[in-house]
Amino acid sequence: MSSQIDHLLNEDRRFAPSPEFAASAIADADLYARAAEDRLGFWADHARDLHWHTPFTEVLDWSNPPFAKWFDDGELNVAYNCLDRHVEAGNGDRAALLWEGEPGDERRVTYAELTDEVKRVANVLEGLGVVAGDRVAIYMPMIPEAIAAMLAVVRIGAIHSVVFGGFSADSLRARIDDAGAKVVITADGGYRKGKVSALKPAVDQALSDRGAGVQETVEHVLVVRRGENEVDWTDGRDIWWHDAVPAASADHDAPALPAEHPLFILYTSGTTGKPKGILHTSAGYLTQAAFTNRVVHDIHPESDVYWCTADVGWITGHTYVTYGPLANGATQVIYEGTPDAPHPGRWWEIVEKYGVTVLYTAPTAIRSFMKIGRAVPQSFDLSSLRVLGSVGEPINPEAWMWYREIIGADSAPIVDTWWQTETGAIMVSALPGVTETKPGSAQAPIPGISIDVVDEQGRHVGNGNGGLLVVTEPWPSMLRGIWGDPERFVETYWEKFRDQGFYFAGDGARLDDDGDVWLLGRVDDVMNVSGHRLSTAEIESSLVAHEATAEAAVVGASDETTGQAVVAFVILKESYLAAHAPEGLAQQLRLWVGEQIGPIARPRDIYIVSELPKTRSGKIMRRLLRDVAEGREVGDTTTLADTAVMSVISAQVK
Ligand code: PRX
C-alpha cells in the first residue's frame with residue numbers, strides 16, 4: 001500500500017474545465033457556498049425540486065441517532081416523480097430508455113410508454129395481493145421490464161429487493177428468505193456473452209429446496225419472456241408478464257406515501273458471511289439521487305444521452321440507472337449484454353450509435369479496454385462524449401489518463417465518484433465545470449455532504465496524512481438500517497466513532513496538501529473485485545461447506561485488471577484425501593464457489609496448503625497470505641503462533 005501512496009502523492013497533473021464547459025455546466029461554485037451557509041436549507045431546496053403530494057415542513061429529525069428521518073412529515077410517490085410528472089409536463093414523447101439487447105435488437109421506450117407499462121404492472125401486483133410494505137424480489141436481465149418492475153413495486157408502496165442476475169440460486173434463496181418476499185419478478189433468461197443465460201431455473205431451484213423450518217413466503221412468480229429458453233412452469237404460482245401486463249388496466253393513481261416509507265432493500269457483502277440487507281427510504285434517497293445525477297453527471301435532460309453501464313442488480317444501477325436519471329427526466333441508454341459481445345468494440349459502437357454524451361462506468365472496465373488497446377475505441381466516433389464518470393473502486397492515474405485521452409478526446413472532464421450501497425448516492429466527487437480535476441483523486445465532498453479523514457481516535461488527520469474516511473453529518477440518502485437487524489446497523493457503521501457520531505465507511509483515505517481525498521481501499525475484510533463487493537468470510541464459508549475442505553482463508557490480492565482478485569488458501573480434510581486424489585480439486589472448488597455464491601465470487605487462485613498463519617489467539621493473519629498471493633516477501637511474522645508456517649506455505653504455493 002505504501003508504494004501506491006507514494007506514487008499517488010507524486011501525481012501533479014491538473015485539468016481545469018474549459019470556459020465553454022463551465023459556462024453551460026449545471027453545477028457552479030455557488031452550490032458549495034449555499035450548502036456551507038445552510039446545509040439543511042440547501043437539501044430542503046433540492047427536495048422541493050420533487051413533486052410532493054404533501055409538502056414537508058421539517059427537514060431533518062436526528063433526535064434518535066443513528067436513525068435519521070428526512071422530510072418526515074411530507075408525502076410523495078417516487079414512481080410518480082420518475083414518470084407521471086414528466087408526462088404531465090408535456091415530455092411524454094421523450095425517450096426514457098434507449099435499450100440495446102446483446103444480439104442487437106433495440107427498443108425505444110418513451111416516458112409515456114414507461115408510465116403506461118408501470119401503471120399496468122402496478123395493477124398486476126395489486127391484483128396478486130401485494131400491498132404497501134410487502135417485499136418483491138426482482139431477478140432479471142438488463143431489459144426495460146427490470147426498470148418497470150422496480151418502479152411498479154415502489155409505486156404501490158411495496159419494497160423491492162433486486163438480486164443481481166449473476167447470483168446463484170442459493171444466494172437468491174438467502175435474499176428471498178431474509179426479506180420474506182411475496183412475489184418474485186424474473187425472466188426466462190437474458191443474453192450474456194452471445195448466449196442465453198437462464199434465470200427462471202434458479203428461481204425454481206431457490207423456491208424448491210429450502211431448508212427445514214423456513215417458511216415459504218413467495219406466492220407468485222411473474223416471468224418476462226426474453227431468452228425464449230424452455231422453462232418449467234408451476235401452475236397457479238407462475239404468471240407470464242406478457243399475459244398479465246398488457247391485459248391489466250393502464251389507469252393507476254400513484255398513492256401519496258410518507259417521505260420515510262421504505263423504498264428498497266439491497267443486499268451487500270459485509271465482514272461476516274451473511275450479506276446485509278441495506279434499507280433505503282423514499283424522499284431523502286430520491287432527492288440526493290436526482291441532485292447528484294444532475295450536478296455530477298451534468299445532465300441536461302432535453303439534450304443529453306446518458307449511459308451508466310451498471311446492472312440494476314447493484315446500487316449504481318438503482319441510483320444512476322433507475323432513480324436519478326428518471327427523476328430528472330433524462331434519456332438514457334441501457335445495454336443488456338457484456339462489453340465484448342459479439343466484438344470488443346461493442347460499447348464504443350453503442351456510444352457512436354446513440355450519440356452518448358455522458359458515460360458512467362467502472363475502472364475495471366477501463367483497465368480491460370486499455371489492455372485490448374486504443375485501436376478499438378479509436379475506430380468509432382466518440383466525439384459526442386462530454387462527461388466521463390468513474391465509480392466502484394479507486395481509479396489509478398494511468399487508467400484515468402487513458403480514459404480522458406482515448407475516450408474523452410483529452411477534453412471531457414472525469415468525475416471519480418466515491419460512494420457506497422449504504423450512502424445511496426454520490427458523496428465525494430469533482431463537479432464538472434467547477435473542479436480542477438486530478439487523476440486518481442475523488443477530490444471533495446459534494447455540496448451538502450460532510451466528510452473527514454480521521455485517525456483511530458476520530459481526530460482529523462490533517463492534510464498530507466492518511467486515515468479512515470468518515471461521514472460527519474447525516475445525509476438525505478443515507479441507509480436507514482439493515483433489514484431486520486438494527487443492532488448490526490449500529491455496530492457496523494456507528495460504533496467505532498460513537499463518541500463523535502461519525503459514520504464509519506470502512507475505507508482508508510488520504511488527504512493531499514490541498515485537502516483533496518484519495519481513496520486507498522477497504523480497511524476491513526471486504527474485497528473489491530471489478531468494483532463489486534465481496535466478503536472474505538462469505539467465500540470462506542462457501543469453501544468450507546465443500547466436503548473436501550477442512551479450513552479456508554481468503555484474501556483480496558491486487559490485480560491489474562480487476563483491482564483485487566479473490567485468492568483462497570485451503571486445507572483439505574485428511575479423511576477426504578484418504579479416499580480421493582487431490583488433482584483437479586482446486587478447479588472443482590472454484591466452480592463450487594461460483595455455484596454457491598455466483599461466478600463473480602469464484603477465486604482467481606486456490607492454493608492447497610497444509611497450514612494457515614494464525615496468531616496465538618487463533619486469528620488468521622490475512623496480511624501475510626496477501627504477501628504470498630501478491631508474490632511479495634512475507635512481512636513480519638513475529639506474532640504468529642508458529643513462525644515457521646509461512647515458509648511451509650510459501651513453498652507449497654510455488
Ligand atoms: O471501497 C469503496 C469502493 O466501493 C465500496 C462500496 O461498494 P458498493 O457498496 O458495492 O458500491 C459501489 C458503487 C458505489 C466503497 O466502500 N468505492 C466505490 N467508489 C469508489 C470506491 N473506492 C475508490 N474510489 C471510488 N470512486
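Every residue, even glycine, has its Cβ placed from backbone N, Cα and C.
Automated prediction, rather than curation, is the source of TrEMBL annotations.
Under the three-state DSSP scheme, ARG192 (CoA binding site) falls in the strand class. In sequence order, GLU102, PRO141, GLY337, THR338, ALA341 make up the list of same-chain residues 6 or more apart from ARG192 (CoA binding site) whose Cβ falls under 8 Å from its Cβ. Residues annotated as CoA binding site in TrEMBL: ARG192, LYS193, GLY194, LYS195, THR316, SER530.
What TrEMBL lists as ATP binding site is GLY392, GLU393, PRO394, ASP416, THR417, TRP418, TRP419, GLN420, THR421, ASP507, ARG522, ARG533. In the shown protein chains, 23 other C-beta atoms lie within 10 A of the C-beta of PRO394 (ATP binding site).
Within 10 Å of the Cβ of VAL544 (Mg(2+) binding site) there are 16 other Cβ atoms, across all protein chains. Under DSSP, VAL544 (Mg(2+) binding site) is assigned to a helix (H, G or I) in the three-state scheme. Look at TrEMBL and you will find VAL544, HIS546 tagged as Mg(2+) binding site.
Annotated domain 'Acetyl-coenzyme A synthetase N-terminal' per TrEMBL: 30-82, in sequence order. Note: the domain 'Acetyl-coenzyme A synthetase N-terminal' (30-82) comprises 22 helix, 7 strand, 24 coil (DSSP; helix = H, G, I, strand = E, B).
Taken from TrEMBL, the feature domain 'AMP-dependent synthetase/ligase' covers 89-483. Computed over the domain 'AMP-dependent synthetase/ligase' (89-483), the whole-number mean pLDDT of the model equals 97.
The domain 'AMP-binding enzyme C-terminal' feature in TrEMBL is assigned to 538-619.
The Cβ of LYS619 (N6-acetyllysine) has 11 neighbouring Cβ atoms from other residues within 10 Å, across all protein chains displayed. Look at LYS619 (N6-acetyllysine): DSSP puts it in coil. Residues or ranges marked as N6-acetyllysine in TrEMBL: LYS619.
Checked against GLY392 (ATP binding site) by C-alpha proximity, the recorded positions LYS193, SER530, VAL544, HIS546, LYS619 yield SER530 as the nearest. Once the Cα atoms of ARG192, LYS193, GLY194, LYS195, THR316, SER530, the listed binders of CoA, are compared pairwise, the greatest separation found is 25 Å. The two recorded residues SER530 (CoA binding site) and TRP419 (ATP binding site) have their Cα atoms spaced 15 Å from each other.
For the recorded site, ARG522 (ATP binding site), the DSSP three-state label reads strand. Classification of THR316 (CoA binding site) by DSSP places it within a helix. For ARG522 (ATP binding site), the nearest neighbour among the listed recorded positions (LYS193, GLY194, HIS546, LYS619), judged by C-alpha distance, is LYS619.
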